[in-house]
Amino acid sequence: MGVPERPTLLLLLSLLLIPLGLPVLCAPPRLICDSRVLERYILEAKEAENVTMGCAEGPRLSENITVPDTKVNFYAWKRMKVEEQAVEVWQGLSLLSEAILQAQALQANSSQPPESLQLHIDKAISGLRSLTSLLRVLGAQKELMSPPDATQAAPLRTLTADTFCKLFRVYSNFLRGKLKLYTGEACRRGDR
């Protein structure tokens, strides 16, 4: 009986060891490169913008909040290296995250915060954290640490938001604009 048990033991051991190599061989594609993932975050941002746009007076912020400028000069953008795009997107995403957190703090200090507004703020915070993690896979954070040419790195253009509607509009436009352009190009090139 000793002879038949050896092949069974070897088969069992090989079956146990095979899955150790599977994560490397069958790694899931980078999630940020799946357009449906980014579209989900864009949809959430657009919903938040629509909810706050519905209020005629709109929930106002008690102080102005600095947000990234979302305008894109497509000619200049296409001429930028992907590393430069990464720096601009990472800086914009960081500033947007700070702005949403600041808005959350201002909302918490208001007398009667609307529940739906708080829900969208929470979703935005969660979405920005997820997007930040997904961008790390593309190496956007590494580019921020060592920009291609620090002397030519232009300062991030900003503007101010005084209402939640404007804040969520900037959030939505940033995701649909610079973030989508950068991830599309980085995924096409296979950059990490």
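In case you wondered, yes, glycine gets a Cβ from its N, Cα and C as well.
What Swiss-Prot lists as signal peptide is 1-26.
If you look up Swiss-Prot, you'll see Cys33-Cys187 marked as disulfide bond, on the strength of similarity to another entry. Cys33 (disulfide bond) carries a helical DSSP state (H, G or I).
When other Cβ atoms within 10 Å of the Cβ of Asn50 (N-linked glycosylation site) are tallied across all protein chains shown, the result is 14. The N-linked glycosylation site annotation in Swiss-Prot covers Asn50 (among others).
The N-linked glycosylation site annotation in Swiss-Prot covers Asn64 (among others). The Cβ of Asn64 (N-linked glycosylation site) has Thr160, Ala161, Asp162 as same-chain neighbours under 8 Å, each 6 or more residues away in sequence.
Asn109 (N-linked glycosylation site) is surrounded by 9 other CB atoms, counting those within 10 A of its CB over all protein chains shown. Swiss-Prot lists Asn109 (among others) with the feature N-linked glycosylation site, giving similarity to another entry as the kind of evidence.
In the three-state DSSP scheme, Cys187 (disulfide bond) is classed as helix.
Comparing the Cα of Asn50 (N-linked glycosylation site) with the Cα of every entry in Cys33, Asn109, Cys187, these being the recorded positions, the smallest distance points to Asn109.
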